[in-house]
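Grabbed the feature section from Swiss-Prot, which reads as follows:
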type	residues	note
BINDING	SER8, PHE9, HIS16, GLY89, LEU90, ARG91, GLU99, TRP123, SER124, PHE125, VAL126, SER127, SER128, SER129	ATP binding site
BINDING	SER8, LYS40, LEU74, ARG88	substrate binding site
SITE	HIS16	site 'Transition state stabilizer'
Amino acid sequence: MNAVFPGSFDPVTSGHMDVLTRASHMFEQVTVTVMHNARKQGRHLFTLDERLEILREATAGLPNVRVDSFSGLLVDYVAQQGRSVIVRGLRAVSDYEYELQIAHLNRQIGEVETVFIMAATHWSFVSSSMVKEIASYGGKIHEMVPPASEAALRRKFAEVYDKRDDA
């Protein structure tokens, strides 16, 4: 059985990688799909191409994981790919309420099942938004993101990191 792991991945975090790595042990193939999210329009730090490149680098050691992108309804993408399972990571109960609603809708309109994977406890506080904020101040992020994301964030916020490194 194959699955799709969708998200905006702006950037991919260690929490994403934890869920993805565990999903890669559960499914024959997992397609990490960078989705266009209309609610996040204009709020991405990284371009689509940058996010795809970061993900390709971060997932290079996972042979049954491939990276793709899509703009549209997730259930349409899942059907086009011949998949029937969506993987979603959960950090807290508040994530579950929202994800449960989406899972029910996806099953109703696309006959797609959703598998929830709880983030490891030590990643439950990590979000892409928080990582970007910490990075924007030159803070330490190496434990919260894979090396590819850290390098990309350091490039985006080079001026801030250069000042901290010189101090």
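Every residue, even glycine, has its Cβ placed from backbone N, Cα and C.
Can you tell me where each of these features sits in this structure?
When Cβ atoms from all protein chains are considered, those within 10 Å of LEU90 (ATP binding site) total 17, not counting its own.
Sequence-distant contacts of LEU74 (substrate binding site), defined by Cβ-Cβ distance under 8 angstroms and a gap of at least six in the same chain, are VAL4, PRO6, THR33, MET35, ILE86, ASN106, GLY110, VAL112. The DSSP secondary structure for LEU74 (substrate binding site) is helix.
Neighbour density for HIS16 (ATP binding site): within 10 A of its CB lie 26 other CB atoms from the protein chains shown. Under DSSP, HIS16 (ATP binding site) is assigned to a helix (H, G or I) in the three-state scheme.
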Three-state secondary structure of SER124 (ATP binding site) from DSSP?
coil
Between SER8 (ATP binding site) and ARG88 (substrate binding site), what C-alpha distance do you get in Å?
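A Cα-Cα distance of 12 Å.
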Given the binding-site residues SER8, SER124, SER128, which one's Cβ is surrounded by the fewest other Cβ atoms within 10 Å?
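Candidates: the binding-site residues SER8, SER124, SER128. Fewest Cβ atoms within 10 Å: SER124.
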